[in-house]
């Protein structure tokens, strides 16, 4: 079965945006229609849509959808409302930089419009372009990543950096889909990824849909699995990469990087250029989202911890650059000296700017 059997995470429908409800997977495949800016915000904030690229795509469509309904012919008023709504959507989640990148790209695209109608058309076209480009970007990331693995290799991953977290293919999971297309055998060991279980619910599900060999383990089995199963490499996605290569990704990623160092196996980060934030100099500058305690104290709505227990629930951690063997982007594989090599990937126009 090809990756194209995996449902798309986001679709533009002219009058609304349709998303795959990732909170209901794997037991229920449910689509939700988002009709308002508030619908889009809520879908992002509550993880109905998740994965840095998919968040960016959804936010871009949400901003374009809102702008289509502005009842003004004044460009100044149009831009004021656009900036207001951009800021509102940007507040949905603080860590994933693709959210801000996509929203700012739309605002910039509409800046030179000579009329409100032209601005509205430009916003829709730019949002669609972001999704189309992301599919190509993910495939190129996958091709580069695939070159790093030997046929038959066993590779570990955490969270879900797959097809449903992007336009298609994913980032960290892209090489496994391409390997399947090319008849190359690779095996994936997927961590369940507490507390929201993206690995168990999403990664295991979508890899199985595509016929990729996947084994699910709990997070605290990682070290034993590396030793007992001969894991040859670890590959993860990213929500934000600082200029020096420090990488924010799902909580537990830092621990995996430490394990990779201990076992002397490579630790790879797979991400598009849009996830690299040159305005963030080091990982210390990356805001770490903390989420509701119920994610830790409940599973599938059932309480598993005592009432009133203290909970610490950071959604992400930051892996220091010295633990990262290479960062895999659509432009190639970058190894070390990230302060110099990451900026060199960008043209001036591609660099992140805060709008």
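Yeah, the Cβs are placed from backbone N, Cα and C, and that goes for glycine too.
What Swiss-Prot annotates here:
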{"type": "ACT_SITE", "residues": "239", "note": "active site, proton donor"}
{"type": "BINDING", "residues": "50, 51, 52, 93, 198, 249, 250", "note": "substrate binding site"}
{"type": "SITE", "residues": "159", "note": "site 'Transition state stabilizer'"}
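Put simply, of the recorded positions 51, 52, 159, 250, the one whose Cα is nearest the Cα of residue 239 (active site, proton donor) is 52.
Binding-site extent for substrate: residues 50, 51, 52, 93, 198, 249, 250, maximum pairwise Cα distance 17 Å (rounded to the nearest whole number). Put simply, residue 159 (site 'Transition state stabilizer') is 17 Å from residue 93 (substrate binding site) when counted between their Cα atoms.
Rounded to a whole number, the distance between the Cα atoms of residue 159 (site 'Transition state stabilizer') and residue 250 (substrate binding site) is 6 Å.
Note: the substrate site is recorded as 50, 51, 52, 93, 198, 249, 250; in the same chain, 55, 96, 159, 160, 161, 165, 237, 239, 315 also have Cβ atoms within 8 Å of that site's Cβ centroid. The Cβ neighbour count for residue 250 (substrate binding site), using a 10 Å radius and every protein chain shown, is 24.
Under the three-state DSSP scheme, residue 52 (substrate binding site) falls in the helix class. Long-range C-beta contacts of residue 249 (substrate binding site), restricted to its own chain and to partners at least six residues apart, with a cutoff below 8 Å, comprise 158, 159, 236, 237, 238, 239, 269, 316, 317, 319. Cβ-based neighbour count (10 Å, all protein chains) for residue 198 (substrate binding site) stands at 27. Reduced to three states, the DSSP call for residue 198 (substrate binding site) is helix.
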